[in-house]
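Database features, via TrEMBL:
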{"type": "REGION", "residues": "1-20", "note": "region 'Disordered'"}
{"type": "TRANSMEM", "residues": "72-98", "note": "transmembrane segment"}
{"type": "TRANSMEM", "residues": "104-124", "note": "transmembrane segment"}
{"type": "TRANSMEM", "residues": "144-167", "note": "transmembrane segment"}
{"type": "TRANSMEM", "residues": "179-197", "note": "transmembrane segment"}
{"type": "TRANSMEM", "residues": "209-228", "note": "transmembrane segment"}
{"type": "TRANSMEM", "residues": "274-295", "note": "transmembrane segment"}
{"type": "TRANSMEM", "residues": "316-340", "note": "transmembrane segment"}
{"type": "TRANSMEM", "residues": "360-378", "note": "transmembrane segment"}
{"type": "TRANSMEM", "residues": "398-421", "note": "transmembrane segment"}
{"type": "TRANSMEM", "residues": "427-450", "note": "transmembrane segment"}
{"type": "TRANSMEM", "residues": "510-529", "note": "transmembrane segment"}
{"type": "TRANSMEM", "residues": "541-561", "note": "transmembrane segment"}
Amino acid sequence: MQVALHQSTTSPLSVSPSNLSHFKPPLCSRCKNRSASAPHDTSTIHYEKFWLYRHCSSVQQGDRQAQKAGQLFSGLLAMNVVFLGSAFVSSMIFNHVAITLADVWILLSILKVLCLCWIIYYLLGTSRQPHAVLYRDSHAGPMWIRGSVLLFGIFSILLNTFHIGYSAVLIQCKSRVEIVFPSIEILFICTQAFFLWHHSKDCIQVQHNFTRCGLMLTIATNLLLWLLSVTNDTIHMEIESQLREVEQRFAGNETVSCTCPNTTICKVFQKGYILLYPFNTEFCLVCCSVLYVMWKNVGRRISHHHVPHIKHKFKLQGVVFGPLLGVIAVIIGICVFMMYQIQATSSVPDRQVFVMFYSYYVVLLPLMSMGAVVGTIIHALEKKELDTVKNPTRSLDVILLMGAALGQIGMSYFSIVALVATDPRELLNSLILSYSVLLILQTITQNVFIIDGLHRQPLVEETKGEQIHEACDQRRMSMLELGQEIRRASLSYIHSYSHLSWKRRALREISFFLVLCNIILWVIPTFGAHPVFENGLEKSFYGYSTWFAIVNFGLPLGVFYRMHSVGGLLEVYVTA
């Protein structure tokens, strides 16, 4: 049973009883010469002595059972931490006297300190052990995902800096926790961003269970930070939409007396703190997605027989109409957003500003749906082979796209029921009804287009030369096989450029147009435009509390869906 503790990357079926006697000496020589750079030594994985190995007759079966058991235990750890933190946050919302915001901050600070200890241990200990990182998942942590982690992390650091400055100005009515919590948050963001930037592709092969638990603890902490940010953001929405009721509700509370003095620096800290709030929620969700892929890659062995992942470069060559139409949509969207913000923040919002806002969406959403449908048809006409290789990153992208879309689709169906039951013939009601129906269609067609594009193999003319060199090194093909491979590559190159060039251009035009459209549809709700709550139609139908809970669930998911769609569309663009 000692053989189960060491397994090579070759299949266990290749070890026959006839050569089993020759199997132990290489193991001994590896143990004696670990510092040697032999190929067999670098391909050896030293598995942990998990108790399931001693109860399984098969080496391969023991590996699978240990992996499932490790994932189960780490998942249970994350589940308990999330439930505990959710109970604290919910208790703070429903009974802010017994459980205060400071109590929630103390709990999250403890979790962040534990995550910091594990990340530092991983950077200085686990990742530097022999045979720690034998494989790296080339699909995990693409440049735009790591770039978004860095971008949102920088804005989150600024957010916490403004929070510290705002609390320092009002130190006479603020607790010390309001300064300590954002300080720990800044350290946590910096360390986590550095960790994900350099190690997001790791397939760690040592300390499986401890690494899984550390990753799941970090995921749970980010989820709780996201939950706290969402609840605080909805409180800002409530203050903006129901200012008088909130002032009456908190009459005599410390929050009302603790107001910002008439100084410029205090106003800057206050406005910057509120303006940068959405970036913190996006940072937490992006980190969760990257950490989940790392968790799936713990102990994963990537076969060298597959063609390696090709690093595609982002080029704007051959695209004209997509960027042009996208820039026009962005400029018009910014103008509509600014006019909406000016009018909707007044004491009595003008009804025409809602008509203008929904009219913009009613024009833009059908164009996006048509582009996604045309792109899906082009994917079908290309008849490219599907990429069936196991890919945790792509699987997570599909899950996030489908899951985050539920927020927008759910809100749209609630709006449809409310408008049809009242008066759908009125101008504003008909616009909102059209907006809800078009939003459902656009979300579905875009998801189909992105998921279909993510599962397509890249075009052969861009990768065939590199595949030939890789095939020569791995299979040591003869000159005759090499000549046949070059001939097939040449024919594929000529065929692709003569028959598929217009399809490539169309896919890139559509992808780039959808990227810019999703960016502006992310910007508008992120920075404060919430007409689904401020128009008052659905709120009067369902009631304030019920509709507020629906918006609280759907709006953060809708914001994350737009941001995640940008990453998927960029992947489709560069592989088209």
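Along the chain as shown, residues are numbered 1 onward.
The backbone N, Cα and C atoms fix where each Cβ goes, and this holds for glycine too.
Within the chain carrying the transmembrane segment (209-228), a Cβ under 8 angstroms from the stretch's Cβ atoms is held by residues 48, 50, 70-71, 73-75, 77-79, 81-82, 85-86, 89, 104, 108, 111-112, 114-115, 118-119, 121-122, 126, 185, 192, 280-281, 284-285, 287-288, 291-292, 294-295, 298, 556, all 6 or more beyond its ends. Segment contact is absent for the transmembrane segment (104-124) and the transmembrane segment (316-340), given fewer than three CB pairs below 8 angstroms at sequence separation of 6 or more. Under the criterion of 3 or more C-beta pairs below 8 Å, with sequence separation of 6 or more, the transmembrane segment (316-340) and the transmembrane segment (510-529) qualify as touching. Pairs of Cβ atoms less than 8 Å apart link the transmembrane segment (274-295) most often to 144-167, out of 144-167, 179-197, 398-421, 427-450, 510-529. The stretches the transmembrane segment (179-197) and the transmembrane segment (144-167) are in mutual contact, each linked to the other by at least three Cβ pairs under 8 Å (pairs 6 or more apart in sequence).
When Cβ distances are compared across the two stretches, the transmembrane segment (360-378) makes no contact with the transmembrane segment (541-561), since fewer than 3 pairs at least 6 residues apart fall below 8 angstroms. Highlighted: of the candidate stretches 144-167, 398-421, 427-450, 510-529, 398-421 has the greatest count of Cβ pairs under 8 Å to the transmembrane segment (541-561). Highlighted: of the candidate stretches 144-167, 398-421, 510-529, 398-421 has the greatest count of Cβ pairs under 8 Å to the transmembrane segment (427-450).
Sequence-distant neighbours of the transmembrane segment (398-421) (same chain, 6+ residues past either end, Cβ-Cβ under 8 Å): 289, 429, 432-433, 436-437, 439-440, 443-444, 447, 450-451, 454, 532, 537-538, 541-542, 547, 550-551, 553-558, 560-561, 564-565, 568. Sequence-distant contacts of the transmembrane segment (510-529) (same chain, six or more residues past either end, CB-CB distance under 8 Å): 240, 275, 278, 282, 319, 321-323, 325-327, 329-330, 333-334, 337, 340-341, 344, 357, 364, 367-368, 371-372, 374-375, 378, 446, 449, 453, 555, 558-559, 562-563, 565-566, 569-570, 572-573, 576.
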